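Notes to accompany the following structure.
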């Protein structure tokens with residue numbers, strides 16, 4: 001069943017590929033500016049994308065719930081030091097923890113899957129394909145396999161040698177208000193539309209209760225039963241409380257898009273429009289006329305193709321943030337260690 005499902009996902013992606021023809025030229029021009037190239041491995045590892053795709057089919061057949069975490073892993077990588085795979089590095093000095101050991105990244109998953117893909121690439125093309133490129137391709141394939149859009153991934157990223165836990169303060173937190181979200185996205189060259197579009201990635205995956213339980217129990221710090229986020233639908237709040245029973249719960253998971261967390265679609269926007277987005281940052285999309293209009297348009301369910309195109313374009317932009325190219329960085333043998 002699972003194998004046929006992922007094959008259908010790739011067939012669907014092929015059918016809609018024509019809708020993204022213009023993206024290829026846009027990605028190519030943006031990639032040239034960033035030093036990336038759509039055909040970067042055409043001579044040195046011509047089957048690189050196929051190798052990643054084949055491994056991703058196996059990974060998501062075995063664990064379909066990893067689609068969201070792998071997309072999130074790429075996002076968390078790109079927002080800190082750019083898309084250089086620094087989020088994958090292990091801490092080697094307890095006095096200087098790496099990004100993955102910072103509080104915002106403690107719930108990240110999928111590190112083993114990235115190394116699995118990297119090992120397959122190393123077997124075919126030793127010392128050639130970076131972990132950063134592997135992760136960018138995996139994020140794209142995760143979305144496709146979840147029946148979402150495809151996009152061209154320009155390649156040529158190099159892996160960084162530095163990972164600093166404190167630098168994760170550049171990651172937009174789930175508690176952020178609209179002004180802070182816009183400022184943090186702008187710092188990475190992403191606009192208001194990118195903010196509302198990339199937030200749509202919350203259609204995939206789950207979240208730990210501690211990432212949103214302040215909305216249920218201690219929103220302003222008053223720490224009483226009535227201290228809840230007024231932006232959250234009351235009925236949904238009551239339902240969430242039955243699952244997340246305290247501020248201290250950091251193990252229970254809840255679907256970010258209940259009933260559809262394994263499928264990439266526009267249903268996230270219907271939840272946000274009903275004030276049922278899981279994070280306060282989701283609710284903040286209703287605080288601005290531009291993002292609110294986008295949410296309400298997508299909430300109708302009549303413009304999914306538009307969302308898919310927008311998401312693909314924003315992912316092309318995000319995956320080019322502050323990339324290392326040329327002689328910068330290195331090509332790691334193991335994604336969790338510098339060479």
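Count begins at 1; order follows the chain as displayed.
Every residue, even glycine, has its Cβ placed from backbone N, Cα and C.
Curation does not apply to TrEMBL; its annotations are automatic.
As annotated by TrEMBL, active site, proton acceptor applies to 76.
In the structure as shown, the Cβ atom of residue 84 (Ca(2+) 1 binding site) sits within 10 Å of 28 other Cβ atoms. Here TrEMBL flags 77, 80, 82, 84, 86, 99 as Ca(2+) 1 binding site.
For 172, the entry in TrEMBL reads substrate binding site. Remark: residue 172 (substrate binding site) has 79, 180, 181, 184, 185, 281 as non-local neighbours, by Cβ distance under 8 Å and separation of at least 6 in sequence.
Cβ neighbour count for residue 202 (heme b binding site): 24 (other Cβ atoms within 10 Å of its Cβ, all protein chains included). Look at TrEMBL and you will find 202 tagged as heme b binding site.
The Ca(2+) 2 binding site annotation in TrEMBL covers 203, 257, 265. The Cβ of residue 265 (Ca(2+) 2 binding site) has 147, 148, 203, 304 as same-chain neighbours under 8 Å, each 6 or more residues away in sequence.
Summarising the annotation, TrEMBL assigns disulfide bond to 45-125 (among others).
Within 10 Å of the C-beta of residue 83 (disulfide bond) we count 29 further C-beta atoms, all protein chains included. Taken from TrEMBL, the feature disulfide bond covers 78-83 (among others).
Around residue 335 (disulfide bond), the C-beta neighbours below 8 angstroms that are at least 6 residues distant in the chain are 85, 88, 89, 111, 114, 115, 118, 131, 134, 159. The feature disulfide bond is assigned by TrEMBL to 131-335 (among others).
When other Cβ atoms within 10 Å of the Cβ of residue 244 (disulfide bond) are tallied across all protein chains shown, the result is 24. Per TrEMBL, the feature disulfide bond maps to 209-244 (among others).
TrEMBL lists 35-339 with the feature domain 'Plant heme peroxidase family profile'.
Look at TrEMBL and you will find 1-26 tagged as signal peptide.
For residue 72 (site 'Transition state stabilizer'), the number of other Cβ atoms no farther than 10 Å from its own Cβ, over all displayed protein chains, is 22. Per TrEMBL, site 'Transition state stabilizer' is recorded for 72.
Within 10 Å of the C-beta of residue 209 (disulfide bond) there are 21 other C-beta atoms, taking all protein chains into account.
If you check the recorded positions 45, 76, 202, 209, 244 against residue 82 (Ca(2+) 1 binding site), the ones with a Cα inside 10 Å of its Cα are 76.
The Ca(2+) 2 site, placed at the center of the C-beta atoms of 203, 257, 265, has further neighbours from the same chain whose C-beta lies within 8 angstroms: 200, 202, 204, 260, 261, 263, 264, 266, 267, 268. With every protein chain in view, the residue among the binding-site residues 77, 99, 257 whose Cβ has the most Cβ partners within 10 Å turns out to be 77.
Cβ neighbours of residue 78 (disulfide bond) (same chain, under 8 Å, six or more residues apart in sequence): 188, 318, 319, 321, 322.
Same-chain neighbours of the Ca(2+) 1 site beyond 77, 80, 82, 84, 86, 99, judged by a C-beta within 8 angstroms of the site's C-beta center, are, in sequence order, 76, 78, 79, 81, 83, 85, 87, 160, 163.
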